Amino acid sequence: MLSRIVRPTLTAARNFSTSQQNNYKVTVCGAAGGIGQPLSLLLKLNPLVTELNCYDIAPFTPGVACDLSHIETASKVKGFAGQESLKDALNSADVVVIPAGVPRKPGMTRDDLFGSNASVVKTIFECASVACPDAIFCIITNPVNSCVPIACEVLKKANKLNPRRVFGVSTLDIVRANTFVGEMCGVNPKEVNVPVIGGHSGITIVPLFSRATPKVTIPADKLDALTKRVQEAGTEVVKAKAGHGSATLSMAYSGARFANNVMRALMGEPDVIECAYVMADVTDVDYFASPVKLGKCGIEQNCGVGDINEYETKLLCDALEQLKRDIQKGVDFANQDQKCKGAPE
Ligand SMILES: NC(=O)C1=CN([C@@H]2O[C@H](COP(=O)(O)OP(=O)(O)OC[C@H]3O[C@@H](n4cnc5c(N)ncnc54)[C@H](O)[C@@H]3O)[C@@H](O)[C@H]2O)C=CC1
Ligand SMILES: O=C([O-])CC(=O)C(=O)O
């Protein structure tokens with residue numbers, strides 16, 4: 001099962017700022033939403049972004065873009081509302097970040113969002129395969145475990161799949177693990193880096209505390225609770241928001257951190273390593289979150305699972321079973337013979 005293991009050298013890659021200027025055109029799909037708005041704000045503040053296209057089906061999206069456009073940074077912001085403007089919004093984008101779709105309410109699993117969000121992702125990728133097939137795609141929409149396979153299948157059908165350039169954004173799992181370990185061990189969370197592998201839902205989220213840097217010792221009687229806290233952190237927020245959505249601000253931070261690292265790597269910065277859920281052959285499942293080295297063409301190297309202990313191996317086995325089902329569900333959906341509303345002919 002874990003035969004194809006490559007040992008990772010994990011370095012934290014989270015600093016937002018860089019003095020280098022470059023010209024990236026970024027499109028946010030779902031830009032008017034709870035994640036989309038603060039994410040667009042953070043991208044507007046990023047000096048690597050020179051064009052920011054904000055797309056959403058919400059009619060007030062040009063208002064969000066207008067609001068952002070008054071911020072005193074050099075990038076140009078444009079708003080696009082409605083599916084008929086999707087192609088223009090995506091046209092020749094370098095990076096596309098996708099938080100479009102419905103969030104959870106208390107009592108729902110991420111998989112319960114499949115019925116609403118699978119077609120949202122399918123439509124966006126049918127259009128992207130024409131408008132910006134060479135972009136780097138960062139998928140936030142849940143269920144991530146199934147949405148990334150949908151995206152890849154759609155691109156594959158259009159003969160435009162480059163698996164090095166399609167990412168499920170699992171950064172929030174790492175951000176949370178870093179924060180919780182920092183709190184528990186009395187370390188600044190900014191200094192902590194905990195790889196999180198597997199997928200992005202419940203038991204498929206596998207934090208590797210044994211590989212945390214700096215090295216931390218989690219007391220044996222606290223390990224289960226800490227692992228579950230990371231696995232259930234999304235639900236913790238859903239419950240706390242009591243029917244008013246799921247994580248938005250921490251996700252906007254995480255999405256902006258991931259997009260920034262993608263752009264740093266595109267610019268040629270070496271040793272940019274982030275965990276992400278990608279098409280991979282590092283385990284028995286076809287999509288898997290693990291540390292990946294980013295480069296000028298997207299994924300330069302998948303660092304795989306690496307060394308894990310017995311406890312983590314058991315977590316991983318459970319995760320793989322669930323992941324297999326989630327992936328198949330996405331693949332089957334994408335290959336149903338029907339075009340989504342609004343997709344280009
Ligand atoms: N990957 C991760 O770690 C996380 C993922 N999420 C997921 O992100 C997604 C968005 O969450 P929120 O921003 O809180 O939801 P939200 O409801 O506040 O915003 C979603 C936005 O998507 C737009 N939208 C819906 N259908 C669309 C379509 N077909 N095309 C373009 N835009 C469309 C809506 O108009 C809305 O503005 C959810 O699926 C949620 O589960 C949320 C947190 C973390
Ligand atoms: O829990 C949710 O529905 C949103 C999400 O993916 C997260 O916060 O990790």
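If you go along the chain as it appears here, the first residue is 1 and each next one adds 1.
From the backbone N, Cα and C atoms, a Cβ is placed for every residue, glycine too.
Please treat TrEMBL annotations as automatic predictions, because they have not gone through curation.
The number of other CB atoms found within 10 A of the CB of His200 (active site, proton acceptor), across every protein chain shown, is 28. Annotation comment: TrEMBL describes His200 as active site, proton acceptor.
Per TrEMBL, NAD(+) binding site is recorded for Gly30, Ala31, Ala32, Gly33, Gly34, Ile35, Gly36, Asp56, Asn117, Ile140, Thr141, Asn142, Met251. Counting only residues at least six positions away in the same chain, the Cβ atoms of Gly36, Tyr55, Asp56, Ile98, Pro99, Ala100, Gly101, Ile140, Thr141 sit under 8 Å from the Cβ of Gly30 (NAD(+) binding site).
The secondary structure of Asn142 (substrate binding site), as reduced to three states from DSSP, is coil rather than helix or strand. All chains included, 28 other C-beta atoms sit within 10 angstroms of the C-beta of Asn142 (substrate binding site). Taken from TrEMBL, the feature substrate binding site covers Arg104, Arg110, Asn142, Arg176.
The domain 'Lactate/malate dehydrogenase N-terminal' feature in TrEMBL is assigned to 25-168.
Residues or ranges marked as domain 'Lactate/malate dehydrogenase C-terminal' by TrEMBL: 171-333. Averaged across the domain 'Lactate/malate dehydrogenase C-terminal' (171-333), the predicted model reaches a pLDDT of 97.
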Other CB atoms within 10 A, centred on Arg110 (substrate binding site): 25
Rounded inter-Cα distance in Å - Met251 (NAD(+) binding site), Arg176 (substrate binding site): 10
Candidates Gly34, Gly36: member of the binding-site residues with the richest Cβ shell (10 Å): Gly36
Cα-Cα distance, maximum over Gly30, Ala31, Ala32, Gly33, Gly34, Ile35, Gly36, Asp56, Asn117, Ile140, Thr141, Asn142, Met251, record's NAD(+) binders, Å: 18
For Gly34 (NAD(+) binding site): DSSP state (helix, strand, coil): coil
